[in-house]
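Worksheet: one structure, shown below.
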Amino acid sequence: MAIPRRSLTELDQNAAGAHFLIVEARYYDSIGAMLLAGAKAALERARASHELVSVPGALEIPIAIEIATDQAKRAGAPFAGAVALGCVIRGETYHFEIVAAESARALMQLAVAHKLPLGNGILTVDTEAQAEERADPDRGDKGGDAARAAVALHCLARRAGALS
């Protein structure tokens with residue numbers, strides 16, 4: 001099995017004082033735990049804090065982000081960004097394609113509509129072994145990658161003066 005490629009791009013990862021939302025789908029619990037460990041470590045390295053919300057599956061992630069970010073904004077403490085974590089493993093039916101495409105589409109629409117720095121860490125794989133390799137913080141670290149993407153977008157928005 002090929003080792004997933006790692007991004008070598010150095011991006012701004014100083015999010016000191018920023019508070020991020022992590023929404024995780026724990027349908028595959030052990031994979032979810034690895035994704036979460038990577039995301040939490042990346043946010044810690046960026047000196048950011050986080051709040052965690054868990055949902056049953058990948059399709060519930062976008063609406064959970066919408067609800068939580070709206071609530072935080074109304075409370076006067078908006079999130080600096082969000083990290084979506086989950087896993088969709090191909091099965092024998094068309095369900096995989098629906099969940100993979102619709103969760104990604106909804107996340108992109110949410111991020112663009114609300115100018116929300118968002119890292120998509122929803123794995124879409126053929127096998128559980130592929131998911132484990134990509135989720136493991138010591139190998140693929142896709143949870144960490146998603147958090148680093150959200151932090152980089154937050155830093156970009158901060159530099160552009162686009163934060164509310």
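Easy rule for this one: first residue shown is 1, then count along the chain.
Using the three backbone atoms N, Cα and C, a Cβ is placed for every residue, glycine included.
Features of the protein shown, as given by Swiss-Prot:
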{"type": "ACT_SITE", "residues": "HIS95", "note": "active site, proton donor"}
{"type": "BINDING", "residues": "TYR27, ALA58, LEU59, GLU60, CYS87, VAL88, ILE89, ASN120", "note": "5-amino-6-(D-ribitylamino)uracil binding site"}
{"type": "BINDING", "residues": "GLU92, THR93, ARG134", "note": "(2S)-2-hydroxy-3-oxobutyl phosphate binding site"}
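Annotated features, which come from Swiss-Prot, shown on the structure.
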residue: TYR27; record: 5-amino-6-(D-ribitylamino)uracil binding site; DSSP (3 states): coil
residue: ALA58; record: 5-amino-6-(D-ribitylamino)uracil binding site; DSSP (3 states): helix
residue: VAL88; record: 5-amino-6-(D-ribitylamino)uracil binding site; DSSP (3 states): strand
residue: HIS95; record: active site, proton donor; DSSP (3 states): helix
residue: ASN120; record: 5-amino-6-(D-ribitylamino)uracil binding site; DSSP (3 states): strand
residue: ARG134; record: (2S)-2-hydroxy-3-oxobutyl phosphate binding site; DSSP (3 states): helix
Do any residues at least six apart in sequence from VAL88 (5-amino-6-(D-ribitylamino)uracil binding site), in the same chain, have a Cβ closer than 8 Å to its Cβ, and if so which, in order?
ALA58, PHE96, VAL99, ALA100, SER103, ILE122, LEU123, THR124, VAL125
Name the one residue among THR93, HIS95, ARG134 whose Cα is closest in three-dimensional space to that of CYS87 (5-amino-6-(D-ribitylamino)uracil binding site); these are the recorded positions.
ARG134
Fewest other CB within 10 angstroms, which one of the recorded positions HIS95, ARG134?
HIS95
GLU60, GLU92: which of these binding-site residues has the highest Cβ count within 10 Å of its own Cβ?
GLU60
Counting distance between Cα atoms, which of the recorded positions GLU92, THR93, HIS95, ARG134 is nearest GLU60 (5-amino-6-(D-ribitylamino)uracil binding site)?
HIS95
Chain-internal residues near ASN120 (5-amino-6-(D-ribitylamino)uracil binding site), provided their CB is under 8 angstroms and they sit 6+ positions away:
ALA84, ALA104, LEU107, MET108, ALA146, ALA149
Sparsest-packed among the binding-site residues, when each Cβ's other Cβ atoms within 10 Å are tallied, from CYS87, ILE89:
ILE89
Highest Cβ count within 10 Å among the binding-site residues ALA58, LEU59, THR93: which residue is it?
ALA58
Residues that sit under 8 angstroms from TYR27 (5-amino-6-(D-ribitylamino)uracil binding site) by C-beta distance, when 6+ apart in the chain:
PRO56, GLY57, ALA58, GLY86, CYS87
Reported as an integer number of Å, what is the Cα distance between LEU59 (5-amino-6-(D-ribitylamino)uracil binding site) and THR93 ((2S)-2-hydroxy-3-oxobutyl phosphate binding site)?
16
Which whole-number value in Å describes the distance between the Cα atoms of ARG134 ((2S)-2-hydroxy-3-oxobutyl phosphate binding site) and the residue listed as 'active site, proton donor'?
21
